[in-house]
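Written out below as structure tokens is the structure these notes cover.
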Amino acid sequence: MPSQNYSIISEFNLFGFSAFPQHLLPILFLLYLLMFLFTLLGNLLIMATIWIEHRLHTPMYLFLCTLSVSEILFTVAITPRMLADLLSTHHSITFVACANQMFFSFMFGFTHSFLLLVMGYDRYVAICHPLRYNVLMSPRDCAHLVACTWAGGSVMGMMVTTIVFHLTFCGSNVIHHFFCHVLSLLKLACENKTSSVIMGVMLVCVTALIGCLFLIILSYVFIVAAILRIPSAEGRHKTFSTCVSHLTVVVTHYSFASFIYLKPKGLHSMYSDALMATTYTVFTPFLSPIIFSLRNKELKNAINKNFYRKFCPPSS
């Protein structure tokens, strides 16, 4: 093949919100800042409540606490940089910083998905095998499950980041996104095998996510079958209520992800791509603590008992 003169890229420019009207950027900054702070405070409140309330020292709430940690870290990996770019004219990011951001976003994102799977398994064991629950979900087993979710997320993050950053980037250094998004970054690669790399990355990611979703759905098939065998309507309602918050978060998580990554090509613009991406990176983590604190009665009561009534006592 004839040799080509490539200008190797050492840093990237995040174009994300650069095309937006300037008067909208402070509004978006304020909106995303409030959502970011609420995400942090909401998840910290859940973690503090579980730590304080000894009745919540159960496997289900251990997994929920770990989920809150993963959501905080996922949000911190992306949102602060996005907020800074909204008010700045300097949007460059170094090669190493871009690789780090991609690794941590994938690591915490996949850890979140694996934790949702583990929480589904926990509900399956609690409802379908209640007599064996203490054996199957012992503290040691729970610790192993949590460790596996973090290890799995780390492996996925390292795998994708290593594959992508082994490519050579040349020509334009503009990433048409507000963070180092893998598909936007791959468009800047100058090697002939880029298309096969894209297919490989997509296959790895989709297989892992669809695999998690399939196992969650399978667990709920068995859960619903077990609930339908409960004779009283009150018993069925009480049992299913323990699953509602988890199921709602799963539906929200996968719905937004599917809408962003599986949308038909051509039905998007630079504006809509950036805004839709924030639904998954900002809005979904923002919703999660709201869903768990409102839909989980036991957690809601514990928050009221330990925080709301202390700081906002009822007027006499």
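Using N, Cα and C of the backbone, Cβ positions are placed for all residues, glycine too.
As given in Swiss-Prot:
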- 1-26: topological domain 'Extracellular' (TOPO_DOM)
- ASN5: N-linked glycosylation site (CARBOHYD)
- 27-47: transmembrane segment (TRANSMEM)
- 48-55: topological domain 'Cytoplasmic' (TOPO_DOM)
- 56-76: transmembrane segment (TRANSMEM)
- 77-100: topological domain 'Extracellular' (TOPO_DOM)
- CYS98-CYS190: disulfide bond (DISULFID)
- 101-121: transmembrane segment (TRANSMEM)
- 122-140: topological domain 'Cytoplasmic' (TOPO_DOM)
- 141-161: transmembrane segment (TRANSMEM)
- 162-198: topological domain 'Extracellular' (TOPO_DOM)
- 199-219: transmembrane segment (TRANSMEM)
- 220-239: topological domain 'Cytoplasmic' (TOPO_DOM)
- 240-260: transmembrane segment (TRANSMEM)
- 261-273: topological domain 'Extracellular' (TOPO_DOM)
- 274-294: transmembrane segment (TRANSMEM)
- 295-316: topological domain 'Cytoplasmic' (TOPO_DOM)
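Neighbour density at the Cβ, taken as the number of other Cβ atoms within 10 Å, is lowest among the disulfide-bonded residues CYS98, CYS190 for CYS190.
The DSSP breakdown of the topological domain 'Extracellular' (162-198), given as helix, strand and coil counts, is 14 helix, 5 strand, 18 coil. Each residue in the topological domain 'Extracellular' (1-26) has a pLDDT score, and their mean in this model is 72. A contact between the transmembrane segment (56-76) and the transmembrane segment (199-219) is absent, since fewer than 3 of their C-beta pairs, 6 or more residues apart, lie under 8 Å. According to DSSP, the secondary structure content of the topological domain 'Cytoplasmic' (48-55) in residues is 7 helix, 0 strand, 1 coil.
Broken down with DSSP, the topological domain 'Cytoplasmic' (122-140) shows 16 helix, 0 strand, 3 coil. Counted as Cβ pairs under 8 Å, contacts with the transmembrane segment (27-47) are highest for 274-294 among 141-161, 240-260, 274-294. Residues 61-62, 64-65, 298-299, 302-303, 305-307 of the same chain lie 6 or more positions beyond the ends of the topological domain 'Cytoplasmic' (48-55) yet place their CB under 8 Å from a CB of it. When Cβ-Cβ distances below 8 Å are used as the criterion, the topological domain 'Extracellular' (162-198) is approached by residues 6-9, 11-17, 78, 81-82, 85, 93, 95, 98-99, 101-102, 105-106, 270, 273-274, 277-278, 281 of the same chain, each at least six residues removed from its ends. Same-chain residues lying 6+ beyond the ends of the topological domain 'Cytoplasmic' (122-140) with a Cβ under 8 Å from its Cβ atoms: 59-60, 63, 219-220, 222-223, 226-227, 239, 242-243, 246.
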